[in-house]
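Engineer: Would you mind keeping the following structure in view while I ask a few things?
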Amino acid sequence: LDKAYLTAIWLETLFYGVNATLFCGYLFMLRYKHSRTLARPIVIVGIAMFLLSTVHVSLGFYRLIEGFIYLRNEPGGPAAFFSDVSLPPNVAKVIFHTVNCILGDSIVVWRCYHVWGGDWKICVLPIALILASAACGFGQGIVFAQAKTTHSAFNPVLERWNGSLFSLSLATNVVCTVLVAGRIWYLTKDLAPVVDVVSFRSRRILALVVESAMVYSAALAIEITLYFVGSNAFYIVYDPIGQLTAIVPTSIIVITSLGMTANDLQS
């Protein structure tokens, strides 16, 4: 477990570098470039997600130092420390991760709403799934805080909450991925003969991958598979996903600001 956690934090810091670069690029674009103006709430959500992901990686690094340096000689060593899910920094990470997931999934649903021409009915199911995910996420935090004698995320009591949260989050993103990718394909399928083929294909692929949050859905699928097979490799995926929850929605915000969405391709 200690090796898995060390690898997870190393990967998360790499993803945080990508996240920070993307976020700073977006701020520069807002300040100095003539980009499309987005609604203020979307900009605020983008900033909030970056701040939350910064806190998430900071807590992970704090736990790394505490487990491998300050408490390494405690009974059980670092492995026992990292397996204790009830420690306040770990509970805080779970809560921050949940909030970031809610914000990130909301951005994906917002994009789905616009790709479908402002049809709110198409977003009813994703919104319901987000609300269910939020309930499970905060419930998970409470259960973790009370699990003083539980030293495994694979404990049957915790598994019900973890499994429900991961499954709902995956369902939300798969639904949005299918809705957005299908709509983008439909909007752009007849445009190839009238535009530059190479440029069009590149922009279409970019719109498909980014707007549909395809990468995030794939990462969640890997996470939930590793969790249900009981592999400690789950931890290696779990922490970096804390950064993907900000990277993917911020990417959606960026391509929307640059006018590179499927709706722009159609225009």
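Every residue, even glycine, has its Cβ placed from backbone N, Cα and C.
Okay, so TrEMBL annotates it like this:
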type	residues	note
TRANSMEM	6-30	transmembrane segment
TRANSMEM	42-65	transmembrane segment
TRANSMEM	91-110	transmembrane segment
TRANSMEM	122-145	transmembrane segment
TRANSMEM	165-186	transmembrane segment
TRANSMEM	206-229	transmembrane segment
TRANSMEM	241-262	transmembrane segment
Engineer: Count, for each of 6-30, 42-65, 91-110, 122-145, the Cβ pairs lying under 8 Å from the transmembrane segment (165-186), and report the range with the highest count.
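Structural biologist: Against the transmembrane segment (165-186), the leading stretch is 122-145.
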Engineer: Any chance you could find the range in 6-30, 42-65, 91-110 with the most Cβ pairs under 8 Å to the transmembrane segment (122-145)?
Structural biologist: 91-110
Engineer: Under an 8 Å Cβ to Cβ limit, what residues of the same chain, 6 or more beyond the ends of the transmembrane segment (91-110), are close to it?
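Structural biologist: For the transmembrane segment (91-110), the sequence-distant neighbours (Cβ-Cβ under 8 Å, at least 6 residues beyond its ends) are 42, 45-46, 48-49, 52-53, 55-56, 59-60, 63, 85, 123, 126-127, 130, 133-134, 137-138, 140-141, 144-145, 165, 169, 172-173, 176, 180, 213, 216, 242, 245-246, 248-249, 252-253.
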Engineer: In the same chain, who gets a Cβ under 8 Å from the transmembrane segment (6-30) while lying at least 6 residues past its ends?
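Structural biologist: Non-local partners: 43, 46, 50, 53-54, 56-57, 60-61, 64, 68, 235-240, 242-244, 246-247, 250-251, 253-254, 257-258.
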